[in-house]
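Some features that TrEMBL has for this protein:
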BINDING   Asn80, Tyr83, Glu84, Cys138, Thr173, Asn221, Arg226, Gly237, Ile238, Lys239  Mo-molybdopterin binding site
DOMAIN    101-250  domain 'Oxidoreductase molybdopterin-binding'
Amino acid sequence: MSLRDVLRIPSSELTDESVYRDRRRLLAALAAVPGLGLAACSDAAPPPPPSTVTITPEQARAGFRTSEELTRYEDVTTYNNFYEFGTGKSDPSRAGRTLRLQPWSVAVGGQCAKPGVMSLDDLLKGATPEERIYRLRCVEGWSMVIPWRGVPLANVLRRFEPNSKAKYVAFTTLEDHKQMPGQGYGALDWPYREGLRIDEAMHPLAFLVTGLYGKPLPQQNGAPLRLVVPWKYGFKGIKSIVAITFVETMPFTSWNDAQPQEYGFFSNVNPSVDHPRWSQKTERRIAGTQSKLFAERIPTRMFNGYADQVAGLYTGMNLRKWF
Ligand SMILES: Nc1nc2c(c(=O)[nH]1)N[C@H]1C(S)=C(S)[C@@H](COP(=O)(O)O)O[C@H]1N2
Ligand SMILES: [Mo]
């Protein structure tokens, strides 16, 4: 039973801003009703991942690059979503300069044997940088092809020796209202947070990014450290990370918290599950010299074209329910 069913209000009304503002109070009130525990709602824990997911190194490598036309550097770095610097696409490239990149430290903790707070250099030491050319599909319906530089997330996470209670990994962006003026506005519950199931985090395609086009990552793209999960909508790729936490239960994620009917925890790219307010069947591909607003629309592919690599993570899962 979904929250909407419980409340018997049409989804059209649930998209109203004021309803979202009242959402926390609503949930608290519902939790207090005897016999109506939140486990009855769609917030209940999803099924655990299938236990035997294996892909061959060749399969994995096939996902590391694509021969599709690249998005130009100037477009990758001037058409951004980074609400900490404003909600307009060109805001982050102008306002992002106020973000100080040094010193930068990352706290890794939670369900693991070797937690710690360390500099970015220490976090990444021992991991060899690689280039990955990935498609990036924003939930808004546009996409890019970007040559990232970074390290596989799994290589970094393993060093902290997550234990058997580490079922999910939570990520947190810096919160500093001086450096990130957009945090003065209540667009999201700051700091921006994201999360992955542990098997998703350990997948060879999940990538911690420190650069693009062979250059250091610019602020607007999430410097000095951001996540890229190419088979999921772009908002899962949290920017300017300051904390990585191994947790036992599904973590808080910002867009899911803001609009749960519109943004699920998993948010795998899926052309057959529409956003409540628009279709996800096609995307505006921003590549080469195509105009950003009138770029050609191309079909969106299941898991953003990475089904060979990642479909096994979701065997037996209802991807409409766990969107
Ligand atoms: N902290 C933070 N991370 C974020 C966002 C944001 O607003 N804040 N926007 C997300 C969205 S919606 C997308 S599509 C990608 C965009 O990444 P890009 O600007 O490097 O293309 O970043 C994601 N990561
Ligand atoms: Mo996005």
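Using N, Cα and C of the backbone, Cβ positions are placed for all residues, glycine too.
Feature map: TrEMBL annotations on the structure.
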| residue | record | Cβ contacts under 8 Å, 6 or more apart |
| --- | --- | --- |
| Asn80 | Mo-molybdopterin binding site | Lys89, Ser90, Asp91, Pro92, Ser93, Gln220, Asn221 |
| Glu84 | Mo-molybdopterin binding site | Pro92, Thr173, Leu174, Met180, Pro181, Gly182, Gln183, Trp190, Tyr192, Lys239, Ser240 |
| Arg226 | Mo-molybdopterin binding site | Leu208, Val209, Leu217, Gly237, Ile238, Lys239, Ser240, Ile241 |
Binding-site residues whose CB lies under 6 angstroms from ligand 1, from Asn80, Arg226, Ile238: Asn80, Ile238
Residues Asn80, Tyr83, Glu84, Cys138, Thr173, Asn221, Arg226, Gly237, Ile238, Lys239 [recorded Mo-molybdopterin binders]: greatest CA to CA distance in Å: 19
C-beta crowding around Thr173 (Mo-molybdopterin binding site), within 10 angstroms: 25
For the domain 'Oxidoreductase molybdopterin-binding' (101-250), residues assigned helix / strand / coil by DSSP: 25 helix, 61 strand, 64 coil
Collapsed DSSP category at Asn80 (Mo-molybdopterin binding site): coil
